[in-house]
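These features come from Swiss-Prot:
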REGION    1-37  region 'Disordered'
COMPBIAS  17-27  compositional bias 'Low complexity'
BINDING   F80, I81, I82, Q83, H84, Y142, R146, T283  substrate binding site
BINDING   H269  heme binding site
Amino acid sequence: MQPPGGDAPAGCPFSGARAAQPAQAAHEAPHVPGEADAQAGWHNAQLDFSKSMSYGDYLSLNSILDAQHPLSPDHNEMLFIIQHQTSELWMKLALFELRGALDAVRTDALPPAFKMLARVSRILEQLVQAWNVLSTMTPSEYSAMRPYLGQSSGFQSYQYRQLEFLLGNKNAQMLQPHAHRPDILEQVRATLEAPSFYDEVVRLLARRGFPIAAERLERDWTQPTRHDETVEAAWLEVYRHPQQHWELYEMAEELVDLEDAFRQWRFRHVTTVERIIGFKQGTGGTSGAPYLRKMLDVVLFPELWHVRTTL
């Protein structure tokens, strides 16, 4: 707000343009672009990128936009490809943020971890919304292109598998789909054999003085997360006295937010599959929708959900 008797408004603080005087605004003709504008650039924007990096260069758009290669003549296959490619990009970012948060937890730097966990939850919301686009594909449209997919399936996504492992849903059998790619197999195996994000949070509870069972702190990391009474007792204390354990309280809620979003992603996945292929077998050999429905029962952070009943 301009104080009485002050100077005229300075105009836009971002573009640097000054506001027009009332007389100018009332009597001057609107500006018509001419030759001088063409030489200077539209609104002083840089137009020649022959000697500097452009938007497309920075984002490697040629590589990204040339990565769609439909195998069928069907129009709808482009949607199918881009849906899955963009999901893989979001998963790449989710893994990047989750690993950053894990490193922060290991060093007790919790505020940065909260920021990264919140971002992962927002990424999962993007993935949930993406199913709305794919659900515009009808069963007849999918049937026209399905024979061209062969045995390829989202079940084989190595980034998704690492995300599951990092969140604690471990299963050594899920290494097998990647055995033909030793470089990828090494990445997925390393995630399987390392502590999950929640394992590191449980270690954090121990560092903060909670009596966590020794067998929970040093367990077989290749096994899925199991409910532990000492971990639930720690979370119960945190929830009963949040002001005394505020960082841990915030961590607990960030994890619940994350799993909530992850469950919604899974639910939208199975609903979209049922909508498009019903209960047919999946291209990767699974039972399709029934397999995905079983995944809805997986609980990533069991004590954080059970403690709500105990409180």
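For all residues, glycine too, the Cβ spot is worked out from N, Cα and C.
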Legend entry - Sequence-distant neighbours of Y142 (substrate binding site) in its chain (C-beta under 8 A, six or more apart): N76, F80, I276, I277
Inset, instruction - Do me a favour and check the Cα-Cα span between H269 (heme binding site) and H84 (substrate binding site); whole Å is fine. - result: 12
Inset, instruction - Using DSSP with the three-state reduction, classify I82 (substrate binding site) as helix, strand or coil. - result: helix
Legend entry - The one of H84, R146, H269 whose CB sees the fewest other CB atoms within 10 Å, among these binding-site residues: H84
Legend entry - F80 (substrate binding site) CB neighbourhood, other CB atoms within 10 A: 22
